[in-house]
Amino acid sequence: MQLSNRAAARESVSRDVLAADLRCSLFASALQSYKRDSVLRPFPASYARHDCKDFEALLADTGRLPNLKELLQSSRDTDKQTWDLVSWILSSKILTIHSAEKAEFEKIQQLTGAPHTPVPIPDFLFEIEYFDPANARFYETKGGRDLIYAFHGSRLENFHSIIHNGLHCHLNKTSLFGEGTYLTSDLSLALIYSPHGRGWQHSLLGQTLSCVAVCEVIDHPDVKCQTKKKDSKEIDRSRARIKHSEGGDVPPKYFVVTNNQLLRVKYLLVYSQKQPKRASSQLSWLCSHWFMVAMSLYLLLLLIVSVTNSSAFQHFWNRLKR
C-alpha cells in the first residue's frame with residue numbers, strides 16, 4: 001500500500017504538476033474554511049475516527065506538506081502519511097484534471113460568446129475530462145441537444161466539493177429568480193462571485209487564488225434563460241421564468257439550471273493574486289502612517305528654521321561668504 005500510494009502520487013505530480021497543485025490548493029482552501037464540515041467533501045476516511053472528523057490532525061499534516069516540486073525531489077524516507085495524503089488528494093475515479101494552454105481561453109470565449117467588455121485573462125487554465133460511466137451518462141442525457149457554455153462563480157473554498165460532487169441546484173443560495181444553479185455568459189459577472197481566497201501556502205500557483213468554472217450545459221427546457229422560440233423572434237416564455245420566482249424572468253446573460261444532470265464543469269479559470277512588490281509595501285506603510293510622517297516633516301522644518309535664525313548659524317554663514 002505504501003509503495004502504491006507513493007507511486008500513484010509521484011506519477012500524478014510528474015504528469016502535470018500544475019494540475020496536481022490546483023487540487024492541493026482547492027483541498028487546502030476547503031480545509032481552512034470555517035464551513036469545512038460542509039465544503040470539505042469528500043473527506044479523507046483515514047482522518048475520520050469514531051464518526052468524528054479529525055480536522056486538527058488533517059490541518060497539521062497538510063501544513064507539513066512541501067511544495068510538489070520539492071516532494072518529487074525528496075528521498076524515499078519521506079513520511080508515509082505525507083504520500084498517503086497527497087495520493088488521496090490527487091485521486092479520483094470519475095475525472096482527471098490537466099493544465100491547458102492559455103490559447104484555449106480564446107476558444108472558451110467563442111463558446112460562451114464574445115465579451116462586450118474587456119475581461120481579465122486567467123493566469124492558469126485547466127480542463128476536466130470525465131471517465132465513463134459519468135461521461136457516457138452525460139452524453140446519453142444530452143442526446144441530440146446542443147451544448148451551452150457558461151461561467152459559474154463561487155468562493156475558492158467551494159471548488160473542492162464542486163470538482164468531486166458537481167454543482168447541485170438545491171445547494172444554491174442565490175434564489176431571486178428561483179431555485180437552481182446560476183450561470184452567466186459574462187465572465188465579468190462571474191468574477192464578482194469568485195473573490196480571491198486563501199489557498200495552499202506552498203502552492204506553485206500562488207497562495208491567494210480566485211477560480212471560475214466554465215460549465216457545459218445541455219440545452220434543455222429545464223435550463224431557464226432568455227431564448228427565442230424555434231424559427232421565431234419571440235421570447236420563449238416557458239423558459240424565461242422559474243416557478244415561484246420572486247424576481248420575475250431570468251435576466252439576459254443568465255442561465256438557471258434546475259436539473260443537476262444537465263450541467264458539468266469543463267474548464268477552470270484560475271486567477272492568482274500577485275504579491276505586492278517591496279516598493280508597494282513601503283508606499284502602503286507611508287499611507288498607513290501619513291500623520292506621523294507629516295508631523296515628523298513639520299518638526300524637521302521647525303528645526304531647520306530655528307537653526308537658520310540662530311546667531312551662531314548667522315555668524316558661521318557670514319564667515320563662509322567672505
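Cβ from N, Cα, C; glycine included.
Annotation source Swiss-Prot lists domain 'PARP alpha-helical' at 5-91.
Feature annotation from Swiss-Prot assigns domain 'PARP catalytic' to 77-280.
A strand conformation is recorded for His152 (NAD(+) binding site) in the three-state DSSP classification. Counting only same-chain residues at least 6 apart in sequence, those with a Cβ under 8 Å from the Cβ of His152 (NAD(+) binding site) are Leu167, Thr181, Tyr182, Leu183, Thr184, Ala190, Val212, Ala213, Val214, Cys215, Val265. Summarising the annotation, Swiss-Prot assigns NAD(+) binding site to His152, Tyr182, Tyr254.
For Tyr193, the entry in Swiss-Prot reads site 'Nicotinamide-stacking aromate', with the evidence type similarity to another entry. There are 16 other Cβ atoms within 10 Å of the Cβ belonging to Tyr193 (site 'Nicotinamide-stacking aromate'). In the three-state DSSP classification, Tyr193 (site 'Nicotinamide-stacking aromate') falls within coil.
Residues annotated as transmembrane segment in Swiss-Prot, with sequence analysis given as evidence: 285-305.
The NAD(+)-binding residues named in the record, His152, Tyr182, Tyr254, extend over a maximum Cα to Cα distance of 10 Å.
Tyr193 (site 'Nicotinamide-stacking aromate') sits 14 Å from Tyr254 (NAD(+) binding site), taking the C-alpha atoms as the reference points. Taking the Cβ of Tyr182 (NAD(+) binding site) as centre and 10 Å as the limit, one finds 25 other Cβ atoms among all the protein chains shown.
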